[in-house]
Each structure stands twice: as structure tokens, then as C-alpha cells.
Ligand code: SAH
Ligand code: SF4
Ligand code: F3S
């Protein structure tokens, strides 16, 4: 039996898919190269904006054609759209045989059995944490041998007024320290060098189980063999001095942080219920730079939030100029069902959003060109994580991609590289020496 999984959305969804693959391998399934060859086709969905929703429906349309030719094929939908839509999704797309959400991943074996017996199998209800935690018993199946994601918490307890995530993934549930450390130990034994801790709001990890996130960082770093640590996504309001200090103290933590600002206007931030001001955000950036010399940042921006004026938008551009992010992920505000912002007055016309977006992108392009140039001639530590077109490819600690000449047997090693050429989205360099782990 073969499976095919199509994954949309964030790194947490990606990591869920890796776990789903683990369950399927455990059941004896093998991966298929294309959906046409598969006996089980799964779509792990995202519903953060309207566009990903549409993509899911168009993929389901394609998979329907496969099922018309081979009615025994099982088509499943999981992830955030499944959770948000529930039965409505099946009504809209009757081709769906099975459906589950991020709460019920570990039920996949039973669901497949039910679907094979000709029933429609659906599990989207929230479960008691002890039941949900059974999903950690399955190991992930990863494409990247050296860098691995570890989901450390589920859900989100914030109430950003534009965001659908608290509704699709539920309340914040921190995974226990022991369960996380056990997975990290297993990953390291499997050859992993870089551990990337994940949560919608990872800096809030532990708040519901009375531990501070910095404690997790120290404990992960104690595990022999962990060479690099990253974590995503930090929320500015939980990003405190203890975390900054831990980042500075722990040698394995990379000098990079994704810290979404969303907007530079205090009025808009308030409407978004982000719980920080532009000034507080900039202070946190300053504090992080003090504790972690050389740290680089990336961010998320929403343009055209309801009532956003030209002045509000200028404040956002000002944050870009002040922080000089290495990467900016910008999105046009997309109204989501049952979120407060969708019902606010003053929705912004699409032309205005498009215009602001393109101005934001062109400013960021200039900033990035300067940042890229500043890397030329520098020496960077690079973990060689993949082999592409005859070259070794890896990331600097500051999260920039570099390709170098070398042989495939160097994969998994960390090397010092002199950067010979640096462009906005890629760099080239030559290896100087290996870094002792
Ligand atoms: N938990 C993370 C973000 C998760 S969603 C955080 O708090 O920052 C990833 C990004 O999608 C968000 O940072 C935001 O920029 C964007 N996003 C979320 N909802 C959106 C919406 N309704 N319209 C446009 N962009 C949105
Ligand atoms: Fe959504 Fe806000 Fe939670 Fe991020 S912190 S997932 S934007 S509600
Ligand atoms: Fe999308 Fe769900 Fe992630 S809505 S961004 S897949 S948490």
C-alpha cells in the first residue's frame, strides 16, 4: 500500500505530516511519488488566509478524478481547514472518505480501517490531553537527515483579532518537558544535529505547566549531540529577558529569531490585540541585540488590516527601516470567518492592499540588497544539510542559505565558510575548515 501527502501551511503542519508519515510507515505503507500511484491520498490543510482554502478545494478536485478511475483510493483531509469546517467540508467535497484534525492524528490507523470498510471516518473533536499525547509515541519520518522540527506545544491562547488558529488548533497545551527531551534524544541518535522547536507561540511554552521556556532551552542544550537550536514562532509579548539571556548563554542557539511584528502602528496593534506597542517591540529587538551579538531577525507583516491608514502603514515601513529584517513575510489582510476583525468597519479595498504590499516589498528589497552585500568576505559557520546540483547546501547560524563546493560525504558536518558571493536569497562560499562538534 502506498500513500501520498500534500501539505499546506506552517512548519507545525509540516511536522504533523512528518508524524502522519511515521504512523503510516508503522502500518506498512510506503510513500508514492505521485497521487496517481497512491492508495491513500491525504491533504494536510491550512486555513490561515482565503488563498490556502482555495488551494485545498482545487486539489480535492484533482484527486476526485483519480478516485473516479480507481474508486478504492481513500482520500483524506486533515489539519486546520478540516478542523474549522467539520462536516461542512464533507458536504462541500463528498469525495472525502476520512477526515481528522491535529487533535486526533494518532487515530489514523482506526480511521483508515473504517474507510476501507466503506464508512466515512471522521475525528475532529478535541480530546483530553492524555489521549492526544499518544501521538508522540509515533516517530516522525523526515526528508532532512540533519535538521529536525520538534513540536513542543499545541494550540494558542492569544486572541489576535484577525487569526483563525485558536479556533483550528484549540487552547494552548504545552508538551511535557520529558516528552520533548525524549524526542530530542531519539532524533540525535538518528543523526540529527539541529533541533528546531515549534509552537504557534513557542515563547509561551510552559506557562500552562508552570515552567519557563528558557528552562526548556537549557535542557535541550544539555543533550549531547545537539549542535544547533532554533525555535519558532516567538511572540513579542512573551519574549522576555530570561529567554534573551538563555539565547546569549547557550552556545548552540543560533543567532536568528522570527519575531512577527504584524504592524508598526500602535492603533492597529491595539485593534489586532497583539499586546505590545511599536516602541515595546523595538525595545525587545534592542534587548535581544544586547544579549545576542550579531542576531538577525525575520518577521511577519499584515498589510491592509481594517481601518489601516497611510500613516499607519508608514509606521510599519519605519519598523522595517529600524530593524532591518533579513526576511519579511508579508500578507494582505484576509478576513477569516468568526474572527472579530472580519466584522470590523473600514475594510480596506484590495487595490490599496496591493499597492501597500508592493511598496513594502520594494523597501525590503533595498534593505535586503544591503544586508546581502554585507556578508561578502565574511566567515560563517554552515551546517551542510543537503546536496543539490552537485553542491553542498546549508544555512548560516543567522539563517541564510549558502552553497559550497565539496563532496557528498561532508553532509551533516558544520564548516567555516568564507562567503565569496552574496545575493538576496542565496550565497556562495568556500570551505575553510571543519568545526569540531
Ligand atoms: N503564531 C504566529 C503566527 C501564525 S500565522 C504569530 O503570532 O506571529 C502566520 C502569519 O500569517 C501571521 O504572523 C500573520 O502575519 C499571517 N496571518 C494570520 N492571519 C491572517 C489573516 N487573517 N490575514 C492575513 N494574514 C494573516
Ligand atoms: Fe494567531 Fe495570534 Fe495565536 Fe499567532 S499568537 S497563532 S497570530 S492568535
Ligand atoms: Fe495554517 Fe493551521 Fe498553520 S491555519 S498556518 S496550518 S496552524
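Numbering starts at 1 and runs along the chain as displayed.
Here the Cβ of each residue, glycine as well, is placed from N, Cα and C on the backbone.
Please treat TrEMBL annotations as automatic predictions, because they have not gone through curation.
Small disclaimer: the values here were computed from a predicted structure and weren't measured.
The domain 'MTTase N-terminal' feature in TrEMBL is assigned to 1-117. Looking at the domain 'MTTase N-terminal' (1-117) alone, the prediction's average pLDDT is 95.
Residues or ranges marked as [4Fe-4S] cluster 1 binding site in TrEMBL: 10, 46, 80. With a cut-off of 8 Å between CB atoms and residues at least 6 apart in sequence, the same chain places 9, 13, 45, 46, 47, 48, 101, 102, 164, 165, 168, 169 near residue 80 ([4Fe-4S] cluster 1 binding site), listed in sequence order.
Taken from TrEMBL, the feature domain 'Radical SAM core' applies to 142-370.
Cβ neighbours within 10 Å of residue 163 ([4Fe-4S] cluster 2 binding site), excluding its own Cβ and spanning all shown chains: 21. Look at TrEMBL and you will find 156, 160, 163 tagged as [4Fe-4S] cluster 2 binding site.
According to TrEMBL, the domain 'TRAM' annotation covers 373-433.
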What are the sequence-distant neighbours of residue 156 ([4Fe-4S] cluster 2 binding site), meaning same chain, six or more residues apart, C-beta distance under 8 angstroms? 163, 165, 166, 169, 171, 172, 200, 201
For residue 160 ([4Fe-4S] cluster 2 binding site) and residue 10 ([4Fe-4S] cluster 1 binding site), what Cα-Cα distance in Å is obtained after rounding to a whole number? 17
Residues other than 10, 46, 80 within 8 Å, Cβ to Cβ centroid, of the [4Fe-4S] cluster 1 site? 8, 9, 12, 13, 45, 47, 48, 52, 79, 165, 168
Starting from the Cβ centroid of 156, 160, 163, which together make up the recorded [4Fe-4S] cluster 2 site, report each further residue of the same chain whose Cβ lies within 8 Å of that point, ordered by sequence. 158, 159, 162, 164, 165, 166, 200
CB < 6 Å to ligand 1, subset of binding-site residues 46, 80, 163, seq order -> 163
